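What TrEMBL says about this one:
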type: SIGNAL; residues: 1-15; note: signal peptide
type: DOMAIN; residues: 38-156; note: domain 'Ig-like'
type: DOMAIN; residues: 160-255; note: domain 'Link'
type: DISULFID; residues: C206-C227; note: disulfide bond
type: DOMAIN; residues: 260-352; note: domain 'Link'
type: DISULFID; residues: C305-C326; note: disulfide bond
Amino acid sequence: MKSLLFLVLISVCWAEPHPDNSSLEHERIIHIQAENGPRLLVVAEQAKVFSHRGGNVTLPCKFYHEHTSTAGSGTHKIRVKWTKLTSDYLKEVDVFVAMGHHRKSYGNYQGRVFLRESSENDASLIITNIILEDYGRYKCEVIEGLEDDTAVVALNLEGVVFPYSPRLGRYNLNFHEAQRACLDQDSVIASFDQLYDAWRSGLDWCNAGWLSDGSVQYPITKPREPCGGKNTVPGVRNYGFWDKDKSRYDVFCFTSNFNGRFYYLIHPTKLTYDEAVQACLKDGAQIAKVGQIFAAWKLLGYDRCDAGWLADGSVRYPISRPRKRCSPNEAAVRFVGFPDKKHKLYGVYCFRAYN
């Protein structure tokens, strides 16, 4: 008599999945694989995919059985769940779950995500109208009966990282204020990976700033005395993790392309800040944000030697072609400062969104 292999079920929320929303949201199964069974394998054809704000992207994921040629055994309904991983590895953000004919998306993914299903073993996720917050690592989990497996795919966005501090000056933002400051400037707080990529592309900044994981860091390409010393190795310097409510630093923001037109407004006279706001409105636009000038400079090669007001009350100008009188040594978004809004006169940068 053949010996029987007993399967040990460590923990189940339900013995069998039920095709309603409650089971889609809460079911968690942990199991031990049966010997010689049709081992379930989940594979991502690419570990990293690239897109941009406003675009569409497919996160690849397919599942197979090691000992069979078919995608599924037909005995159990296949459950596909996509989650987004966070910097806290104990937490995940629900994105999308499917079982049978039932589908459910979550949070700001609602109406923007669905399965590609180009074949019966295709669990790839399509994300439409990408927003800045979509950047990150996603987990594809496939469950069939007592078997499951996962694969992870990273979604990278084309964009630019920029340092930001408010009118009050350097080191005046706690973590939550830093998040809001980036959002106010058409951007999000940058991740370490985004800052690291920016450093590799030449970003050099001596002021420490918050990152999305709650750490405080800054990128140095040219070591010097005020920034750790002349003899230190170039790199991203890490201050560690600080109290998000009490500690105060600058912030590194990330932005991507935009659905609109960024431009310097041709006007017969220079303007105070309030006049600049009204001039953009009269032209059918709004005064531009800091994230928009950085995106236009980095992604579109925008170049203008005229200093202009921006929405936060700062005055800046973007130089892509260094030349005499216009940032002769480097391509950069030049920062003039936060002038007196009522008395100082400058041009203005506007932004007109496309419908």
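Cβ atoms are placed via backbone N, Cα and C, with glycine included.
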Per-region confidence, the domain 'Ig-like' (38-156) (mean pLDDT, whole number): 90
Including all protein chains displayed, how many Cβ atoms other than that of C206 (disulfide bond) lie within 10 Å of its Cβ? 15
Under 8 Å by Cβ from C227 (disulfide bond), same chain, sequence gap 6 or more: C206, Y218, I220, R237
Using Cβ-Cβ distances, find the residues under 8 Å from C326 (disulfide bond) that belong to the same chain and are at least 6 apart in sequence, listing them in sequence order. C305, Y317, I319
Starting from the Cβ of C305 (disulfide bond), draw a 10 Å sphere and report how many other Cβ atoms land inside it. 14
